[in-house]
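Have a look at the structure below before the remarks.
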Amino acid sequence: MMGSGKTTLGEQLATQLGYAFVDLDAYIVQREGRSIADIFEQQGQERFRELERQALEAVVREYEHAVISAGGGAPCFFDNMDFINQYGESIFLDVPASELAKRLLASNLQVRPLLAGKTEDELREFLDNMLEHRRSFYEQARHKVKGAAITSEQLSSLL
Ligand SMILES: Nc1ncnc2c1ncn2[C@@H]1O[C@H](COP(=O)(O)OP(=O)(O)O)[C@@H](O)[C@H]1O
Ligand SMILES: O=C(O)C1=C[C@@H](OP(=O)(O)O)[C@@H](O)[C@H](O)C1
Ligand SMILES: [Mg+2]
């Protein structure tokens, strides 16, 4: 989910493993030359999901070994979860919605277009509903780590 720490922990995990690190959002931003928020605004979420899938395929082609931090929606579109599991290990960071809300409220909501403009109450409800809806996709990951203080050491011990 957004705010679970994929980007933060993914980078640390890559360093530990001596692998390249690729944040899928950053990869898309670099390829497109515009922000995630601009892509959503100019072409909508549907186009973003196509770009996200293309980026996933491109990264898998490009790197023999890499830690990829996907965006929180990536597992929930097309057959992305099957694709991810076909080409690598996968880890679901199962962070409680209350902790996600706390972290995201302390961040800039505008960076994540699905959250932009939400009040604290709206954000809590949105994250609760979204996690419920997405959980069945996330549960398809090969590994799951649960908690509000997940470390990259916990992740590397799974692999
Ligand atoms: N283990 C953690 N404990 C506390 N805060 C964290 C942790 N991991 C990330 N954060 C904070 O939560 C926010 C979202 O982290 P990020 O890595 O961007 O998540 P994601 O890529 O899953 O959306 C950031 O502000 C980050 O500093
Ligand atoms: O959950 C989502 O649908 C999204 C998560 C974001 O990435 P993070 O999970 O790294 O915030 C980013 O891909 C986009 O804003 C959409
Ligand atoms: Mg991220």
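These residue numbers are counts, starting from 1, taken along the chain as shown.
Note: Cβ is positioned from N, Cα and C throughout, glycine not excepted.
Residues or ranges marked as ATP binding site in TrEMBL: Gly3, Ser4, Gly5, Lys6, Thr7, Thr8, Arg112. Long-range neighbours of Thr7 (ATP binding site) (same chain, six or more residues apart, CB within less than 8 Å of its CB): Asp23, Asp25, Ser69.
Per TrEMBL, the feature Mg(2+) binding site maps to Thr7.
Non-local neighbourhood of Arg49 (substrate binding site): Gly73, Phe77, Phe78, each in the same chain, at least six residues away, with C-beta under 8 Å from its C-beta. Look at TrEMBL and you will find Asp25, Arg49, Gly72, Arg134 tagged as substrate binding site.
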Would you give the longest CA-CA distance, in whole angstrom, between residues of Asp25, Arg49, Gly72, Arg134, the set recorded as binding substrate? 19
Based on Cβ atoms within 10 Å, give me the single least packed residue among the binding-site residues Ser4, Thr8. Thr8
Between Arg112 (ATP binding site) and Gly72 (substrate binding site), how far is it from one CA atom to the other, in Å? 10
Given Gly5 (ATP binding site) and Gly72 (substrate binding site), what distance in Å do their CA atoms have, once rounded to a whole number? 10
